[in-house]
């Protein structure tokens, strides 16, 4: 038989040329496979299952367990089929046809079981254990070993999330190879030698990897277990439901295991085109936010005394309807970036149909009008499942996928830190660097751990200088060695420029990114941080866009949408964005706010946002759990979590990621928890407005009927760079981004996950630290107009008079505590002990 290889992200199958094939015989069956194929893989293609423990298709071969040994004609002894490649004319006999191979496999199994404990009745792996299964299928009924089994103290916590039972380990090295090869975190190793060999960590070196949970899942025995799941359930007691991760924009496939209406664990699903078989720990363990005791289960309304009290759904909906009707045309809608496509579409339609406004925005973060223009021109309506050419006239690319990103010869990251903001993208970049030497360049203040693990090159950029850097890369003029290499690499076929949401804070940054893409021929892709942002664009949850990427000010676009929605026309006025909605509400220009899943601390100016909520005459909050918004709302309506509802996420590729409800709507809360779209439908009915979105199927059908906009696109972003701040001695320009594990609300409820957060540290260059009178390890005070953030200092190679802070980590609420945003000037100096006078910093 001739084997074909498929292109994972589309494009159909490509036949392997005959000169690249070798033909061999396995158990009497002839097969032709590409050169370099392992014997164990060739056997799989014939349907022959060879037992194994150390082998994994996404890890480099190790031959550690020896369970997969087969007989190869011409060889003096059996060989490990996971380490030998197929050669032309090779004849292989597996345990099915070779007594030699069968006896050898029995011997290996007997050896592995000598010290393995009889823990199966209590082991978390029992019922889904490869060792258990293969001991039955390829082992013997008795053992010649009669001595006392070796035991160790158990379990050993190698992190707050991962527990190690050393006596169960079969030394397959899957966990160590994953950590070293895939994640780039060689924090666990096989230590000692011979009979003393075991998995362990270095002294005082905890297993602080964002991907540690994958080692639990790929462990073929119960040696590594989850601290949060240990002894909680048995595999055969669980109901498994396929799902999609709701955290970042990667769209990772997951498997949700639940029991008696409660999610017990979440695993990575096998999705070769997206996350392969890996997910980050945030996606694996970050699901308990929906199981907290403060979960909202019933509507709340504010009574005459100003207190929120429980109410029935009809009562709450009627009060909300009256308040919104009284403010029609003067209501702002803030949806946040975590909604499904269907829910975001419902908000978009509700804003236009029920509230008669284009004042709607999903961007609960730093944003700009330039970004809105960029999204309309280069993102909306483009992507893997949305159409659009793979290369636009401006050089941007709508066809960038995980696979094309992995195959790219060079990648430039701008305003984007892959490991912290899209871990699945980071794993592909690291894999590409390891496998074919992909060149990664990053415009950033310092080389992050993720950049170093991807073999990347830092192009040091102070906040605001990204525009200058991009223009220099486009022209190829005025660059030093690293920049020259990047400019040349970006001109190679298939190169990619990745821009993150943080580039919106740099005036002219996105405009320059488009110019650089056009000048170099590199494809341009935008990767946001949150799961719902890409879908919100297509749903029209922006002041400038209607569903399908239609410009809100285009007459034909409005006519198309109005006709489908049964309206004479839609609002004409260009709507307000998030910042403008907040400001208008704070000034009393808006009378009501409809807020969905937005946390005040995430907004660019939390203080002004609180003022907006206080000044707005009427606030309706759709929420899972109490928040600063719900505490100030007049009506609070509870909604379903991701595990409780079906829906769709659109990942950064533009790939549609459908998922069904893992739980029935009332299983988690014991009360009805409707989707956001269902709540809006009931609210529209109470307002006597026809929304026409009674269920998911109807909503999806309506979105499909609208389709993507085929008319003229919105104009290109045209923004020039602004003047850069000039810090004096004792001052610095603030830089920062959010870490993957921080103070986010969707991470609450899992103490084990919180235990592996990276410590929050401030960063300064050596020269700036000396100028400010601090040294490595000292507590640095970063002071803004609202107050100060105090963190331990880590002296780092980075531009002078720039200070980097994690934006939402413990003790580092930059916007809330200091009242500043990246790109602004702050004062820096040693933290002042309580009761002491502040030090003067000499100019």
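One is the number of the first residue shown, and numbering goes on along the chain from there.
Yeah, the Cβs are placed from backbone N, Cα and C, and that goes for glycine too.
Positions annotated as domain '2Fe-2S ferredoxin-type' by Swiss-Prot: 20-98. The average pLDDT for the domain '2Fe-2S ferredoxin-type' (20-98) in the predicted structure is 95.
The annotation [2Fe-2S] cluster binding site is assigned in Swiss-Prot to 54, 65, 68, 82 on the grounds of similarity to another entry. Sequence-distant contacts of residue 65 ([2Fe-2S] cluster binding site), defined as residues of its own chain at least six apart whose C-beta falls under 8 angstroms from its C-beta, comprise 52, 53, 54, 108, 112, 170, 171, 172.
Sequence-distant contacts of the domain '4Fe-4S His(Cys)3-ligated-type' (100-139) (same chain, at least 6 residues past either end, Cβ-Cβ under 8 Å): 51, 53, 65-71, 78, 93-94, 145, 149-151, 165, 167-168, 170, 219-222, 225-226, 229-231, 234-236. Taken from Swiss-Prot, the feature domain '4Fe-4S His(Cys)3-ligated-type' covers 100-139, and the record attributes it to sequence analysis.
What Swiss-Prot records for 116, 120, 123, 129 is [4Fe-4S] cluster 1 binding site, and it gives sequence analysis as the kind of evidence. For residue 123 ([4Fe-4S] cluster 1 binding site), the Cβ neighbour count at a 10 Å cut-off comes to 22, with all displayed protein chains included. Annotation note: residue 123 ([4Fe-4S] cluster 1 binding site) sits in a coil segment as assigned by DSSP.
Around residue 219 ([4Fe-4S] cluster 2 binding site), the same-chain residues six or more apart in sequence whose CB sits under 8 Å from its CB are 125, 174, 175, listed in sequence order. The annotation [4Fe-4S] cluster 2 binding site is assigned in Swiss-Prot to 169, 172, 175, 219 on the grounds of similarity to another entry.
What Swiss-Prot lists as domain '4Fe-4S Mo/W bis-MGD-type' is 238-294, and the listing cites sequence analysis.
According to Swiss-Prot, the feature [4Fe-4S] cluster 3 binding site maps to 245, 248, 252, 280, an assignment based on sequence analysis. Cβ neighbour count for residue 252 ([4Fe-4S] cluster 3 binding site) (all protein chains, 10 Å cutoff from its Cβ): 29.
If you compare Cα positions, residue 245 ([4Fe-4S] cluster 3 binding site) sits closest to 82 out of the binding-site residues 68, 82, 116. Straight-line distance linking the Cα atoms of residue 248 ([4Fe-4S] cluster 3 binding site) and residue 116 ([4Fe-4S] cluster 1 binding site), rounded to a whole number, equals 39 Å. The two recorded residues residue 82 ([2Fe-2S] cluster binding site) and residue 169 ([4Fe-4S] cluster 2 binding site) have their Cα atoms spaced 20 Å from each other.
Each of the binding-site residues 68, 129, 248 was scored by how many other Cβ atoms lie within 10 Å of its Cβ, and the smallest score goes to 129. Across the structure, residue 280 ([4Fe-4S] cluster 3 binding site) and residue 123 ([4Fe-4S] cluster 1 binding site) place their CA atoms 24 angstrom apart. Counted within 10 Å of its Cβ, the other Cβ atoms near residue 116 ([4Fe-4S] cluster 1 binding site) come to 20, all protein chains included.
Residue environment of residue 245 ([4Fe-4S] cluster 3 binding site) contains 31 other Cβ atoms, counted within 10 Å of its Cβ in all protein chains.
With residue 252 ([4Fe-4S] cluster 3 binding site) as the anchor, the candidate binding-site residues are 68, 116, 123, 129, 169, and the one with the nearest CA is 129.
For the pair residue 68 ([2Fe-2S] cluster binding site) and residue 120 ([4Fe-4S] cluster 1 binding site), the Cα-Cα distance reads 23 Å.
Residue pair residue 169 ([4Fe-4S] cluster 2 binding site) / residue 116 ([4Fe-4S] cluster 1 binding site) shows a Cα separation of 8 Å.
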